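Per Swiss-Prot, these features apply:
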- R90: active site (ACT_SITE)
- E93: active site (ACT_SITE)
- S116: active site (ACT_SITE)
Amino acid sequence: MEESKSSVASRLMSVKRTSGKSYGRIAEETGLTNVYVAQLLRRQAQLKADTAPKLQAALPELTDELLQEMMKPPLRSYDPHLIQEPTVYRLNEAVMHFGESIKEIINEEFGDGIMSAIDFYCSVDKVKGVDGKDRVVLTFDGKYLPHTEQKSEHMVSRLRLQGD
């Protein structure tokens, strides 16, 4: 019987806790972003074979069994109750509040399109503000994807049907 995603994630988080390392420290040791490390340990991203030895060196308690599990394509999903967690709620609120303006600036700078969440990098950093207080910096670094004009002459499935 296959182990559930939440069970594997729980085991992975236990390995992280045992290590005493932060996501940032693990990221430095593996060459990944801190958010990607968290995604790996929560089974929201797939561990690539060439990264596995670096992650195992950073987290020596990672078993070969867990590494193999992490290399399987994950079920990228989330608990629908997660929105109730205050940090996640405020992040969602910020995106909703600034979303229309961000969309307009993307369109102004790039044209009609979107920012990919597939070809995407994300990090969380801590800086001091001008007032000396801690500030959170979230970086979303996604590939620009233009919307395409849907011309039937470019639709491969139709071209194949016409050629038959």
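Every residue, even glycine, has its Cβ placed from backbone N, Cα and C.
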Taking the Cα atoms as reference points, how far is S116 (active site) from E93 (active site) in Å? 20
Protein Cβ atoms within 10 Å of R90 (active site), excluding its own: 10
Near E93 (active site), how many other Cβ atoms are within 10 Å of its Cβ? 11
